[in-house]
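In TrEMBL this protein carries:
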type     : residues  : note
TRANSMEM : B:6-30    : transmembrane segment
TRANSMEM : B:66-87   : transmembrane segment
TRANSMEM : B:146-163 : transmembrane segment
TRANSMEM : B:197-217 : transmembrane segment
TRANSMEM : B:229-254 : transmembrane segment
TRANSMEM : B:261-281 : transmembrane segment
Amino acid sequence: MTTVARDSRTVVDPAPPPAKPAAGPSRHRFRAVAGFAFGAALLFAVAPLVLSDFRLSLLAKYLCVAMVAIGIGLAWGRGGMLALGQGVFFGLGGYAMAMHLKLADAGPGNMPDFMLLYGQLDELPLWWRPFASPWFALPATVLLPMAVAFVLGSLVFRRRVRGAYFAILSQALAAAMVILLIGQQGTTGGTNGLTDIQGFFGYDLDDPVNQRMVYFIIAGTLLALLALARHLMQCRYGELLVAVRDGEERVRFLGYDPATVKLVAYVVAAGMAGLAGALFVPAVGIISPALIGIVPSIEFVIGVAVGGRATLLGPVLGAVAVAWARTALSERFPGGWTYLQGLLFVVVVAFLPGGLASLIGLARRGDGERWFGRLRRTRRTEGQAS
Amino acid sequence: MTVLIGQLFTGVSIGAVLLLIALGLALTFGQMGVINMAHGEFIMAGAYTTFVLQQVISAAGWSLLIALPVAFVVAGAMGVLLEFLLIRRLYARPLDTLLVTWGVSLILQQLARDIFGSPNVQTRAPELLTGNIALPGGITVANNRLFILALAGGAVVALTVALRITPLGRRIRAVVQNRDLAAVSGIATARVDRMTFFIGSGLAGIAGVALTLLGPIGPTMGTNLIIDAFLVVVVGGIGQLKGTVIVAFALGVLQATGEYLTTLSVAKVMVFVAIVAFLQWRPQGMFTLRTRSLA
């Protein structure tokens, strides 16, 4: 992080794009603040008033998926790294949180219920013990995924493994993680995962009021992550990231290290996924290998593609829309949803690579480009991006 | 010693399955740069072809033999259709090809569920392939594993000969090495692409026939295999077959040894770590095609 900051200080200020001379920086800031205020009003006031408790808890789940989507939008849309293993980081965050909550449910000194059930262990495994403390578990939900991403990313990016190779490696990471979790049933809960989580730092999760509190925490975190992503996209680092996507060799010749630039985006995306996983656990009450494997990992990506991969809001809206459509349709037509999901992948990625945001972008160019912008550029440089 | 050789054979037979699956990928991914996630579903198509043929021809031996060419054509035809409808529009966007073909694989899986039902189905193996052969020294090898090993070896030889000798093979190599130069030399690159895709996908069909000897046939059987096969091609290096062959057997033996020493899950993680470490040493894979193009 620090090296990038030092490097980026020497960047010559990018010339303002010619397409939008009227919009000054202050106006953009105003639009952004207004946008966040609108989003906050929607999430904090309208949604809790309009939606039933059940629907609100579903929305909380979707917002967790949207957090992962913000990270993917950054790494893939802006950085050109197709991360197909975000489920791993989601899972690391989720399991770290769930381990703490299970230990808290069991009470100090006791073992979680499933360990007693399987009866393979006489005492708590060593690597579970630190998670009894919230001061370890809570930072771990974010730092653990970031550390894994840092190790893998620095190994892979330094050796210039990229494009399809990186995508396949990240997917293989998801496969390995799931097999490991299932194999170690005695300590991880195996296929079932960690289930039946009842308390959340002293609050009973069965109580609808506390469920609402969890929803508010999730909504607030989502907005904070959006602000972070916007900042990263707008600052000089964001320009550098897009430059690496569009012409990695050129950036190298200009004196930057593309590996570091990519690593930052990948690690930040992993941290976002970890936080999302950690908040998913109290919202849904379960974390299991089926939620983090190859299939869910690639499903995180489709929401981003539908919404518009290179935009700020596109991934969030796309992820929520796809997750909502899944719930709405798969209840009634389970088979039909799979067909539709397959078609979404095909149609959106092949024929509308800018996502739905590009339709809006096409309709109203100009000022809207700050939010839904850079689509034409994405499409044109697609070939070089990979 | 016996254990060691037995494990070695287990590893080689895992490697043979990997090789059969990865050979088709080595053509489509390695030579054309296309990531076809639906390759696993072409394997499934080959397996279901065997199943259907066995309903028609009840003699298990004959149906298996007939299934080999039929599955090749069925899977190959599906591949050509996919290439014609979608992939050829996406040659400039390999990452997007990955996502699009993933969508296709979802559709094909659901199609299989609607046609054959969600539960797995099973074929009867011919009697010749159900037994074991006892080798001196107390080692037994399963006949079906030997058959798959022979099939994989045969596929490698046939493919090598086809690429080296036939006019089509020469054109395929030319397009791989320098697409533009091949095009201006009068090679119809689009047609060569389509034929490459036909052969690559057809090999997936053959792999599907072989897999019916090892386990049940289900709609999602391809998904589990495809990642390992992609890793084989990535580590082997793109553009030639020998890397794929060596790496398939190496990963098979590593997997078997790891499984013997620890557990299946730990072995999988070991293989993944080994691959990342290997790519540190050779990021482009074991063998690479030397070109002067800027990559």
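Residue numbers in this text run from 1 along the chain shown.
Quick reminder: no glycine exception, Cβ is built from N, Cα and C everywhere.
Highest Cβ contact count with the transmembrane segment (B:229-254) among the listed stretches B:6-30, B:66-87, B:146-163, B:197-217, B:261-281 falls to B:6-30 (criterion: pairs under 8 Å).
Between the transmembrane segment (B:6-30) and the listed ranges B:66-87, B:146-163, B:197-217, B:261-281, the one holding the most Cβ pairs under 8 Å is B:197-217. Within the chain, the transmembrane segment (B:66-87) has long-range Cβ neighbours (under 8 A, six or more residues past its boundaries) at 28, 34, 36, 38, 42-43, 45-47, 49-50, 53-54, 57, 97, 100-101, 104, 193-194, 197-206, 208-209.
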